[in-house]
Amino acid sequence: MHSSNFRTPIVLVGLSVLTVFVASIPLSSISKTTETPSSPKTLRLPIRRQVSSHAKRSNVLSSTLHNEEWDYLIDVKVGTPPQSLSIVLDTGSSDTWVFSPEACSSDANCAASFDPSDSSTFDEASPGSFAITYNDHSHVEGDYFTDNIGVGGATISSLMMGLANTGQLSASTTSSGLMGVGYRANEAVANVDPANVYPNMVYEMVSQDIIGSYSYSLWLDDLAASTGTILFGGYDPSKFQGSLTMMPTLPDPTKSDGVISSFLVSMISLGAMYNGKTTTFTSSTFNGAALLDSGTTNIFVPSAIYAELANYFGADENQVVDCKLSQTKGYVSFGFVDATIQVPFSELALLDSTTGLCQLGFFDAGEQLILGDTFLRSAYVYYDLGNNEIGLAQTVF
């Protein structure tokens, strides 16, 4: 995925953009620490980072994430007999969908497709009603269907998914679809009628006794690594330093009903340490709602903060910085309530293999505050949807 892309879903049938504004957040969110796994029934899955045009226990459901450049992919098998696909993993959205053969014939960014005519367990649930658009202007449209999907050695039966018959992914993304693992309140149908939300991937895993809790954790490893891991149903203490600090997930500030639909947490400071000198980029009263989103490559910050960062790192108007930054000792410190995550300077100089230039891992986002993969590689994040909490700790590379 291109570094300037947002992957948070923003529209369904013409609805408006979901925007995360920096706002004053009450600090009544008393955090806590925890050291033991949340559930013995988990599923570990590998993920991998895919190169984009910009050069991402017992009964454990764990999947490997492939991490070749900017898109984090997960391997799945859909239908009966199973059809193998690699789809983007996205914590910032909540629908799982795959390309149909029809869509692949017109979309050059389609890696492979799911052919429903070859699956004996395929069931068309709602023809023509699936549509989703993302902040990078990627969009797909098609049908809702149910079918079996295999992940990490487990099979989820009759999962509701979208079959994309038309659409276009961003030029930097090549995949067979997308797996959204967010709240049900963030599903595409919720923008039209919240009463029509359905049990998505995480909820079906619990319902079908594959995992023991509505939760998962994400470990992306460092910038040089090509793989990571998502652990459904718990977390792995060997992947982070110390204890997890738990903090409440914040309500959607754009809605008046207090609904929690995204992984928003209260961020209270941003600074840097270099050669023993501390620099602060935020005021002492700063308190913003930060979105944790694996579907966004970089870190997006409000304009005033970006100006401070660009000046500090010597970035030009195109976010280009000296590639020596990748070998410079120092770090940027992200402050949360009772937790601090340090992102090494080496993670912030993103090499474009085509031009040989390095791009700063921060972008000007107006009023938005989105912590994408550039941040998440340094943070071990435990997403507890059941208790509306996020656990943060410094990752172990």
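The backbone N, Cα and C atoms fix where each Cβ goes, glycine too.
Any TrEMBL annotation is an automated prediction that lacks curation.
Record features (TrEMBL):
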- Asp90: active site (ACT_SITE)
- Asp293: active site (ACT_SITE)
- Cys323-Cys358: disulfide bond (DISULFID)
- 72-393: domain 'Peptidase A1' (DOMAIN)
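Locations of recorded TrEMBL features on the structure.
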residue: Asp90; record: active site; Cβ within 10 Å: 27
residue: Asp293; record: active site; Cβ within 10 Å: 26
residue: Cys323; record: disulfide bond; Cβ within 10 Å: 15
residue: Cys358; record: disulfide bond; Cβ within 10 Å: 20
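Using Cα positions, the member of the recorded positions Asp90, Cys323, Cys358 nearest to Asp293 (active site) is identified as Asp90. Cys358 (disulfide bond) sits 25 Å from Asp90 (active site), taking the CA atoms of both as reference points. Cα of Cys323 (disulfide bond) to Cα of Asp90 (active site): a span of 29 Å. DSSP assigns Asp293 (active site) to coil, not to a helix or a strand. Confidence annotation: the domain 'Peptidase A1' (72-393) carries a mean pLDDT of 93 in the model.
A strand conformation is recorded for Asp90 (active site) in the three-state DSSP classification.
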